[in-house]
Amino acid sequence: MAYAERVLDYYNNPRNAGTLDKSSPQVGTGFIHVPEYIEVVRIQIEVSPKRHVIMDARFKTFGCGAAIAATSITTEWLKGKTIEEAAKLDHMNIVEALSLPPAKIHCTILIEDAVKAAINDYREKNGMGPLSEEEELEELEEEEY
Amino acid sequence: MLKLPVYLDYNATTPCDQRVVEAMLPYFSEAFGNASSRNHSFGWAAEAAVDLAREQVAALIGADPKEIIFTSGATEADNLAMKGVFEMYADKGNHIITTEIEHKAVLDTCKHLEKLGAEITYLKVNSDGFPDLKELEAAITSKTILVSIMYANNEIGVINPIKEISAVAKKHGVLMMSDISQAAGKVPVDVNRDGIDLAAFSAHKLYGPKGVGALYVRRKSPRVKITAQMDGGGHERGMRSGTLNVPGIVAFGKACEICQQEMEAEGQRLSVLRDKLENALLQLEETVVNGSKTNRLPHATNISFRYVEGEALMMGFNKHLALSSGSACTSASPEPSYVLKGLGLTDDMAHSSIRFALGRFTTEEEIDYAIQTVTETVNKLREISPLWEMFKEGADMSSIEWSRL
């Protein structure tokens with residue numbers, strides 16, 4: 001399969017691969033696997049407690065090259081966002097940012113889920129309760145990747 | 001100087017040997033006659049060339065030249081054999097036995113025949129890749145007309161005990177067919193020793209050109225008959241009409257001749273290189289060879305690298321290495337290789353596999369390069385694999401806690 005150059009770039013030079021301290025109250029971890037798919041995606045965010053801004057984001061992915069590139073670019077996007085902004089991530093924005101073929105859209109759905117799971121993990125650790133449905137359903141504003 | 005990319009996908013296809021190309025060239029524009037033209041020298045020259053090729057092809061598998069039917073390749077030969085037998089022996093029965101890990105040319109033909117009323121038994125294989133002979137025998141009924149089992153598997157390279165399998169078929173008076181595409185020219189195949197009644201193979205797997213192959217059809221004890229699937233002209237003793245592909249057939253013959261002469265030395269050389277590759281890659285943790293290690297082609301190995309995904313591996317080196325993966329993560333529901341699943345591999349292991357197939361032009365330098373490149377890519381991907389991290393931390397992989405939304 002021929003991928004856009006950007007996919008190859010992120011695959012060859014993954015940004016933000018790594019691990020944050022799962023036990024830290026400032027770290028939210030989202031670890032997603034859906035039985036039908038082979039991919040396993042883990043996204044971690046480190047959030048500043050005052051304004052709930054994501055200071056750092058890390059990933060690890062078991063999956064195809066597109067899944068690896070897509071998780072990596074997502075962590076870049078997450079940095080500097082508030083957790084409310086981050087919760088509005090739409091997987092189709094990842095698809096567009098990397099010009100992924102339709103067959104790879106399922107990878108980005110897992111990533112969207114992992115981001116939301118990471119945010120929820122952080123919120124729960126900090127007594128905020130999980131994301132409300134409205135927050136999840138809000139349309140993502142135009143964001144620049 | 002190492003020329004990149006390094007080709008290690010010889011089970012998919014082989015380059016045409018230069019000696020083969022030279023043999024076929026005159027038959028395009030000089031000796032271009034139709035082998036069926038009986039009235040002039042152009043036709044006679046073409047016919048003579050085809051006759052020689054038929055001898056060369058037959059000799060490679062211990063057959064009589066009259067038993068060779070030229071086709072467009074192994075897929076056509078598989079189709080002709082199975083459909084031809086099914087139609088010809090309809091009076092005797094409609095039952096065919098095969099295995100779950102045959103090439104699609106056989107499996108898809110079986111599916112087609114099922115629509116026409118055929119009963120097909122798909123034998124399971126064990127973790128080595130072999131069917132159980134007792135299960136084979138138990139599956140045979142009075143309606144069984146054909147057993148079709150490949151000689152060597154294209155993905156894992158294991159060589160079936162064809163002689164033992166055909167003995168079971170023969171004991172019950174059932175025809176034995178084998179797709180010998182991966183074995184012919186690589187290991188000694190002898191249709192009489194091995195008890196094969198129909199055999200399909202192709203030139204492009206043994207350093208000949210694409211688009212030409214053959215079906216072996218036994219003429220004596222038993223005399224096998226098949227119904228033609230192509231009408232018109234009555235070429236190839238009526239079994240496969242169509243003007244002969246003379247340059248392709250000449251090349252096929254030459255390729256078979258070279259294989260027969262060089263097979264033994266080539267196999268020995270390649271098994272040394274294959275073992276070097278395999279042993280080096282097995283130094284990586286959590287790495288296994290799929291299928292039997294004892295009874296297999298000398299040039300092939302199939303390895304799973306746990307905790308990395310095959311297509312991601314491919315992407316890491318596909319500018320430098322031409323290989324094939326057991327993973328096909330191209331659809332919403334990615335399907336791993338049915339051959340590896342047939343061996344009992346879990347989805348993740350089947351998705352993590354790479355097929356290495358060496359060939360005539362593989363050098364030790366290429367193998368060293370492949371070892372280095374694959375090792376680096378596996379290590380790099382494991383660095384970013386969450387499963388690898390958990391494995392290294394000693395987590396119980398069966399009780400992973402997934403995030404809930």
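Each residue, glycine too, has its Cβ placed from N, Cα and C.
So that you can see what the record holds, here are the features copied from TrEMBL:
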- B:Cys329: active site, cysteine persulfide intermediate (ACT_SITE)
- B:Ala74, B:Thr75, B:Asn154, B:Gln182, B:Ser202, B:Ala203, B:His204, B:Thr243: pyridoxal 5'-phosphate binding site (BINDING)
- B:Cys329: [2Fe-2S] cluster binding site (BINDING)
- B:6-369: domain 'Aminotransferase class V' (DOMAIN)
- B:Lys205: N6-(pyridoxal phosphate)lysine (MOD_RES)
Among B:Ala74, B:Ala203, the one of these binding-site residues whose Cβ has the fewest neighbouring Cβ atoms within 10 Å: B:Ala74
Under a three-state reduction of DSSP output, how is B:Asn154 (pyridoxal 5'-phosphate binding site) classified: helix, strand, or coil? coil
Looking only at DSSP and grouping its letters into three states, which state does B:Thr75 (pyridoxal 5'-phosphate binding site) belong to? helix
Winner by Cβ contact number (other Cβ atoms within 10 Å) across the recorded positions B:His204, B:Lys205: B:Lys205
Helix, strand or coil at B:Ser202 (pyridoxal 5'-phosphate binding site), per DSSP? strand
I'd like to know which of the binding-site residues B:Thr75, B:Asn154, B:Gln182, B:Thr243 has the most other Cβ atoms within 10 Å of its Cβ. B:Gln182
So how many other Cβ atoms are close to B:Ser202 (pyridoxal 5'-phosphate binding site), meaning within 10 Å of its Cβ? 29
How big is the Cα-to-Cα gap, in Å, between B:Asn154 (pyridoxal 5'-phosphate binding site) and the residue listed as 'N6-(pyridoxal phosphate)lysine'? 10
The mean pLDDT across the domain 'Aminotransferase class V' (B:6-369) is 96
Quick one: largest C-alpha distance among B:Ala74, B:Thr75, B:Asn154, B:Gln182, B:Ser202, B:Ala203, B:His204, B:Thr243, binding pyridoxal 5'-phosphate per the record, in angstrom? 30
Going by C-alpha positions, which of the binding-site residues (B:Ala74, B:Thr75, B:Gln182) is nearest the residue listed as 'N6-(pyridoxal phosphate)lysine'? B:Gln182
